[in-house]
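This report refers to the structure that appears directly beneath it.
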Amino acid sequence: MPSIKSDIEIARAAAKKPIFEIGAKLGIPVEQLVPYGHDKAKVSAEFIAAQAGKKDGKLILVTAINPTPAGEGKTTTTVGLGDGLNRIGKKAVVCIREASLGPCFGVKGGAAGGGYAQVVPMEDINLHFTGDFHAITSAHNLLAAMIDNHIYWGNEENIDIRRITWRRVMDMNDRALRSMVLSLGGVANGFPRQGGFDITVASEVMAILCLATDLKDLERRLGDIIIGYRFDRTPVHARDLKADGAMAVLLKDAMQPNLVQTLENNPAFVHGGPFANIAHGCNSVTATKTALKLGDYVVTEAGFGADLGAEKFFDIKCRKAGLKPDAAVIVATVRALKMNGGVKKDDLGTEDVAALKKGCANLGRHVANVRRFGVPVVVAINHFVSDTDAEIAAVKEFVSRLGAEAILCRHWALGSAGIEDLAHKVVELAESGQAKFQPLYGDDLSLFEKIEIVASKIYHAGEVTADKAVRDQLQTWEEQGYGKLPICMAKTQYSFSTDPNLRGAPEGHIVTVREVRLSAGAGFVVAITGEIMTMPGLPKSPSAERIFLNDQGYIEGLF
C-alpha cells in the first residue's frame, strides 16, 4: 500500500502558477497587484475602490459542528468547495483567515487546508506570510507603549492606572505572559502596574482590521478604541493619546487583502485571522467584499462550530458589513459525531453506530441554528479513512429526517473531483432564492438581553448569570451610547455549554458571564464565559517539538 503523503509534501509538489496569472482570472491587472515573491500578492486599495458599483456574487458560508481538538476540516472543505465550484464551471473565489503561529506550534496546526484541498504557498501562509500579523501586533503594542509613556510624562489625561484595559499582544501561545507587573526597576522605568499579554488574534486591532471597510474607516475605528478610564471613570480613547494616526500608518499595507492560489490554481484571498472562541472568527470584510465583486461564488469560513463562528459571522460581520449569505455548509465528521456521542478520543477509529447516532443531536442543533438565521443548509461529511459505510449511512439518514441533505466529500484525498456533488448542491441552494437572512436579535435590545438571546436560542441554556459588577458595567456602556452594539461571546468551542466536556446537545445549562469587555473600535461587546483565556498556553507535547528543517533546508512537520 503506497504511503500517504503529508500536507506539506503535497503542498511542496504543487504546480503553482505565477500570482499575476491567478489575478488575471479575476480581472486584476498586473499593476494593481503588489507581489510578495512569485506566488502571493496584495490587491491594491485603488483597485478595490474601483469595484464598488459591481454586482455581488453568491456568498456561501462554511461552518461546522462542535469540533475535536484537531479540527474537522472546515478550511479544507472551504478550499475544496471553491475548487469544486470552479470544476463545475462556476467562477468561485475562496476567502479564509490567516494562520496564527500559536496554534501552528501548539495543537491545531496551520490554517491552509489539508490533503489535496490546500492553499499555497502553505509554509509561508502558516508562518510569516505577508507580515500582516506583525503589523497588527506592532500597531497594538505601539498604543500600549504610548499609554505608559503618557503616564510617565505627567499623565495629562488623568488615566487611572488601576483601570487600564489595554494589554499587550504577541502571536504565540505563552501562558507565562498572561499576568505580570510592568515598569519595575526604578523611577526611570515608569509607574509599576499590573498588565499582561493576549495572543494577537484576540487583539481588538485584529478585529478592527477585519471589520473596517477602508483606510478612513480603519483610522476612525482605531481612534475609538478605549484603553482605560480616568479617575472620574470617563473613558480614554486612543485618539486622546494621538495614537490613531500612527497605528493606521502601521496597518496601511496590512489592510490590503492577500491573494494566493489553491493546489488547483484557483484564486483564494487569505486575510485577517481573529479566533472564533475569543473574537469574531471571520476573515476580513475587505477580502470578502472584494471577492464578491470579482467572483460568481465566494466561499468563506467562520471559525470552530456554528455556535461560535457562524453566529458571529451572521450577527457581527454580516450585520456590520451588509452581507447576505445565500447558503451554508455545515461540516461534520464521523469521528466528531462519535465524540459528541461519548466515545473517547483513542477509540474514535472503531465503528460505533450507536454512539454516532447519539452524537448526531449535536449536528441537528447546528442545522436548526443556521436555519434560524434564514439561510438554507447542506451538510458535508468530511471523509476520513476510518469511516465505515454504516456510519456514513447513519449520518445521511439522520440529516434527511431534518429535511436537509448530507453529502459525502472526499476532497482531502481527491481534490475537486471528490466534492463535485456538494458543489452542485450548493449552487442549487444558492440559486433557489430560499435565503431570507436576518440576524438573531435587533440592535435596540439591552446588551444583557442580547447575551440571553444567544445563550437561550443558540446554546439552549436555561439561564444566564452574571455578577452585579458585570451587569452594572453593561448598563454604564448603554448610558455612554454603546447599547446598540452586537455581542461577541467568548466561549469554549467544544460544547454548546461553557463546559468543554459537556458534549452532544445539552439543554438547560447555566451560562455564567464572568467578565465583559467593550471593543468600541471593532464595534462589539465581548462577553467572556467559562475558562476561556485570551492568551492560550501550549500543550504538554506541542507540535513545535516535531517541526524542523531537513538536510535540504526544507521545513518538516508543519501541518
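If you go along the chain as it appears here, the first residue is 1 and each next one adds 1.
Glycine residues also receive a Cβ, built from the backbone N, Cα and C atoms like all the rest.
Since the structure is predicted, the reported quantities are computational estimates derived from the model, not experimental observations.
What Swiss-Prot annotates here:
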type	residues	note
BINDING	T68, P69, A70, G71, E72, G73, K74, T75	ATP binding site
So which one is it: of the binding-site residues T68, T75, which has the fewest other Cβ atoms within 10 Å? T68
Per DSSP, G73 (ATP binding site) is which: helix, strand or coil? coil
Using the structure shown, find which entry in P69, G71, G73 (the binding-site residues) has the sparsest Cβ neighbourhood within 10 Å. P69
Please work out which residue of E72, K74 has the most C-beta neighbours within 10 angstroms of its C-beta, and give that one of the binding-site residues. K74
